């Protein structure tokens, strides 16, 4: 077993960067090989390493094990049971320039070979101790399932992905801060986790923290209650990468914004990377200090749009593949054509279809199965776009009352949404200008025409407004 594992690590050293070998492969410890089941048991020092190695390196290790044992082998990764630890120490580092162990076609150890003797407790402790990369994962709160490899790219998000890759490769230099904005379920959270995972996987021992804005607020409150602001500042200022999700939740929380401003200034001054997500463009954030908004604008701001048809199909096919379910393209196209708003909705629809198929014993996914499983969703998405639907959708988006669409009030926070709704009513329905005016509280057709022209002109000049209109159009089209 020892000879096999040394050879396995040596072969992997020829395929993987040194940082990945140090961070992920060397801490692994082979436990035993079950000849009856053809299962190789391998221990990882902690849950984070186990999940990462299983997802990223299991196929390579299984291929090398199959070559050595001359049969297909399944690798079972596990944690040391009961604290007893593995029975063999991790493979020591090969000295620079030392030749890799050579074997005749990776010939297997004879079945009757004596078992390895137990190692000293010190070796066991060393084998299970998490190295720097493992500690980073434990503290980072990163989701290891969200990587660049499984992020589906299309026109809607290709610029955001390119910027994210650049930041992952050159943190603190290229775009700092990186500000990603877009509607719910479009992949913002996936992308920032992918950046963090890529930096940790590089094995450089970076200090990373993913935190939702609500959790950051909670951290500030706890620091205030415990009179521990020095510790709070010391921790956040020491990070190499800070990922803040949904920063719009900082709205109205002045102490939180103040502490974040100090952390922002300290990190940027040291060329430490900050990445922020929001549901809206920085200048449209309500209740956020102007100092912070100016800092957000100082880096790169990128929008993530709702996915186009081809991208929605690709997302469905990728998700079905990850579930181990073959999906014909015609089925993916059927779902994608009827559900257009965001990735989360697509994945939810797919889960509903799969659950329906399993419950009813349908082995093959078909368009008919989708129609049956999604009939409630399809009845909504197939409905005609009406002025009433537009008014409700726009009111929900801008967080105003539908009644404000008909009222005579004209404050800016109501006038703009009302004009947007009039513009969309003209673009997306067959109603005439007088008919639209009647549905907006009996307004004259010239008022509607003025709103349509104003929004049309502004859309061509303002990227934020264009993005907002695109999101609303995609939502209304279903």
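Using the three backbone atoms N, Cα and C, a Cβ is placed for every residue, glycine included.
What Swiss-Prot lists as region 'Domain I, interacts with DnaA modulators' is 1-71. Swiss-Prot lists 71-140 with the feature region 'Domain II'. Per Swiss-Prot, the feature ATP binding site maps to 185, 187, 188, 189. What Swiss-Prot lists as region 'Domain IV, binds dsDNA' is 358-478, and the listing cites sequence analysis.
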Q | For residue 189 (ATP binding site): DSSP state (helix, strand, coil) | A | helix
Q. Among the binding-site residues 185, 187, which residue has its Cβ surrounded by the fewest other Cβ atoms within 10 Å?
A. 185
Q | Neighbour count (Cβ, 10 Å) for residue 188 (ATP binding site) | A | 24
Q | Residues of the region 'Domain I, interacts with DnaA modulators' (1-71) by DSSP state, where helix covers H, G and I | A | 42 helix, 11 strand, 18 coil
Q | Intrachain C-beta neighbours of residue 189 (ATP binding site), sequence separation six or more, cut-off 8 angstroms | A | 146, 245, 277
